[in-house]
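Student: The structure is given below, and queries will be raised subsequently.
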Amino acid sequence: MFYLPLITAIFIQNLLSVNSFSLDERNAIVRKFKYYHKSVRPNNILNRVSTANGSFFALNSELHILSTIPTKGDLLVDFYFTLKYVDDRLILRELQNRFQLPSDFRPWVPTINIYPKLSSFQSIFVDPTKGILTVARRFQTSLVCSSDEWRHPFETYRCFVAFSLDGDERIFLQTFRDLRSEHQKSKVHCKIDQWPQFEIRFSYVHQWYLSLITSHLPSFLLFLTSLFAQWKRKMIQVFVTTSALLAIVIMETSYRTIDTLTLGDLWLSVTFLHIVCMLCVDLLLSTERVRFTEKVGNLDSDPRAITINGSSSTISSRPFMVTQRVAPDGSIHSSIETQLVTTEKVTERLPPPVTTLRQHQTSIAAGRRKAFALSTIVIFYIAFVSTYIYIVIMFW
């Protein structure tokens with residue numbers, strides 16, 4: 001867009017150039033307007049056009065869009081809009097060059113109803129050799145845009161400028177130039193409708209990525225953190241899930257800007273609900289815990305010998321293991337593994353060796369019922385995320 005300032009300057013110079021009139025030229029204009037009735041519309045055949053919808057008084061138009069700057073709910077626009085038509089009553093043989101008509105001379109100008117009401121700068125130019133009038137208007141204003149609030153933060157803001165005429169007059173777009181930078185073109189889309197009325201439509205999406213980073217991604221990571229905490233102890237599980245719930249409540253409180261339920265609220269609420277379900281599973285269903293108790297004597301001493309009915313038996317005090325299993329329903333199952341060695345040799349009773357107890361606890365493994373409950377929560381959350389992405393893409 002290096003040539004944009006140059007093109008704009010040339011266009012404005014050609015549009016707003018004013019010739020100084022000599023006394024004879026001004027007298028010619030005065031004589032022409034002496035019998036000119038501005039309430040009478042010119043009836044030149046060049047102004048008539050026939051289409052499939054009927055015959056109309058044609059007003060050829062030019063549209064030059066200079067800039068569009070989006071904000072939240074508003075759009076700052078700057079554009080030129082010109083209308084051209086033939087009025088053979090203004091053919092002046094004394095003048096040769098195109099000139100801007102002074103403000104004290106007013107020809108017939110079509111009545112244009114603009115919605116919404118916008119302020120503009122109007123200039124009228126005359127080609128004296130052909131009687132072509134050009135009504136040029138420059139609009140530098142702010143448009144109020146509307147959107148579907150329930151789609152926040154993925155809503156699309158839309159605004160428009162409508163030009164309507166009276167009777168059989170109709171605007172036909174002859175020239176359209178988009179002089180905006182590529183950055184503005186990528187952010188704000190422009191569309192022109194010519195039927196049933198001439199409309200300039202603008203649409204843009206405003207900073208959806210900001211909400212994606214500040215609310216959607218953190219809440220998703222909180223859900224994953226709560227899920228991974230299920231492989232730790234119950235105290236850690238409850239602490240992590242409770243902290244995640246508190247963080248989502250804070251995000252939802254700071255996220256609320258309107259009173260309508262939006263897609264952003266739906267995301268945070270459903271994520272909050274799934275983490276609550278995960279906390280309920282932590283409190284209602286226990287995990288399976290395995291404990292090993294090992295009794296170890298003096299490894300260098302001989303085994304103890306006892307006499308049973310004339311024969312000697314040796315019970316090894318080296319390792320025997322007591323296993324306790326805590327089931328999800330709270331019941332405890334224990335088992336003891338020992339070694340019994342029988343010999344034919346009778347030995348004397350030895351003093352009991354010094355023994356020690358060593359207790360080992362394995363890492364926590366989820367029980368079957370809890371694993372099933374967590375799997376169900378994850379499946380439902382994946383289904384929700386997929387549906388959410390589908391809705392966002394469909395209504396983009």
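Numbers here mean position along the shown chain, with the first residue as 1.
Glycine is treated like the rest: Cβ placed from N, Cα and C.
Unlike curated entries, TrEMBL annotations are predicted automatically.
Features from TrEMBL:
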- 1-20: signal peptide (SIGNAL)
- 208-229: transmembrane segment (TRANSMEM)
- 236-254: transmembrane segment (TRANSMEM)
- 266-285: transmembrane segment (TRANSMEM)
- 371-393: transmembrane segment (TRANSMEM)
Student: Which stretch from 208-229, 236-254, 266-285 shares the most C-beta pairs under 8 Å with the transmembrane segment (371-393)?
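Tutor: Stretch with the highest Cβ contact count: 266-285.
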Student: By a Cβ-Cβ criterion of under 8 Å, what residues six or more beyond either terminus of the transmembrane segment (266-285) are in contact with it?
Tutor: 215-216, 219-220, 222-223, 226-227, 230, 234, 237-238, 241-242, 244-245, 248-249, 251-252, 255, 328, 367, 369-370, 373-374, 377, 380-381, 384, 388
Student: Counting only residues 6+ away from its ends, which parts of the chain sit with a Cβ under 8 Å from the transmembrane segment (208-229)?
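Tutor: Answer is 152-154, 236-237, 240-241, 244, 247-248, 251, 255, 264, 267-268, 271, 274-275, 278-279, 374, 378, 381, 385.
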